[in-house]
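**Q** Below you will find the structure I want to go over with you.
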Amino acid sequence: NLSTVSEFVFVGLSDAPEIRLLLFVLFLLVYLATMAGNITLLVAISTDSHVHSPMYFLLGNLSLLDLLCPTITVPKMLEALLLEHKEISFSGCLFQHFSLIAVVGTEIFLLTVMAYDRYVAVCHPLRYPSIMSRTLCAQLAVGTWATGLLNSLLHTSLVFTLSFCGPNQIQQYYCDIPPVLALSCSSTHSRELVILVVAGVLGSSACVVTVVSYIYILLEILARNSPGIWHKAFSTCGSHLTVVCLFYGTTICTYVRPSFTYAPHWDRIVSMLYGMLTPLLNPIIYSLRNKEVKCALKRVISRV
């Protein structure tokens, strides 16, 4: 009710017809490859009894998030490229914003839980089955999804209860926090501060848990100093560490900064990294670096 803007227009894509067609084909192929990779990984984890363990249960949740993340934004972007229909309703923008922030937030917390899982696996291998029980894994997974949804509800309410009474052109290909805030005709300083504080506290807490987990893992490796321990630890933690660095780097560059530093062209590139390439690369990284995942995928393909 505070808004006189009934729809927004995405202007973050090229208007040249030949470029639009090229981008449409490129993004469609990336999207289809992302869907195929993550669905295959989900099928392998859910159907192969050899990977029914806490680590792969959490990995299945990660694959589900990597399916949702591009599905929230890419179809609308493909529609804008092919049909030149760049408008989105106010309520549609609100729903897209809420869904995307929920998925991104949930993935941050899930990666933190996966770091704790790796810490228990390396530092307490004999107690691993009792510590990372099915009940605890289920509770941690539900907790990450619930926290992500509540975090998104707070951010969305702060952004979309602002007054939008003039410009409606979003300098992006989806409804994100910085470009939507830039369109508000009311003061955004207090809400930006709340968003930065909440994101900073939750994000830094997740980051601290992840870093501390890997510090303990490193100390445990150094303390053992046994032959082959570095290779074993890298095969256990390398995939997760690679995904964490890729996801955290692109997410921090996008969200953890004030709106006056918002640069549309740079932000579109960075957002495509975590919105499209990261979900595409995650199943590839786990497939290449994890022997059990590769074996599970081979068994699924052979059955098919």
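Cβ from N, Cα, C; glycine included.
Annotations for this protein, taken from TrEMBL, read as follows:
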DOMAIN    37-286  domain 'G-protein coupled receptors family 1 profile'
TRANSMEM  20-44  transmembrane segment
TRANSMEM  56-74  transmembrane segment
TRANSMEM  94-116  transmembrane segment
TRANSMEM  136-154  transmembrane segment
TRANSMEM  193-217  transmembrane segment
TRANSMEM  229-249  transmembrane segment
TRANSMEM  269-288  transmembrane segment
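Explain the structural surroundings of these features, please.
**A** Long-range contacts of the transmembrane segment (20-44) within its own chain (CB-CB distance under 8 A, at least 6 residues past either end) are made by residues 13-14, 51, 59-60, 63-64, 66-67, 70-71, 74, 77-78, 81-82, 84, 276-277, 279-280, 282-284, 286-287, 293, 296-297, 299-300.
Beyond the transmembrane segment (56-74), the same-chain residues lying 6 or more positions past its ends with a Cβ under 8 Å from any Cβ of the stretch are 27, 31, 34-35, 38-39, 41-42, 45-46, 96, 99-100, 103-104, 106-107, 110-111, 113-114, 117, 137, 140-141, 144, 173-174, 243, 275-276, 278-279, 282-283, 286, 292-293.
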**Q** Against which stretches of its own chain does the transmembrane segment (193-217) lie, if we need a Cβ under 8 Å and a gap of at least six residues from its ends?
**A** 105, 108-109, 111-112, 115-116, 118-119, 122-123, 147, 151, 154-155, 158-159, 177, 233, 237, 241, 244, 248, 252, 255-256, 258
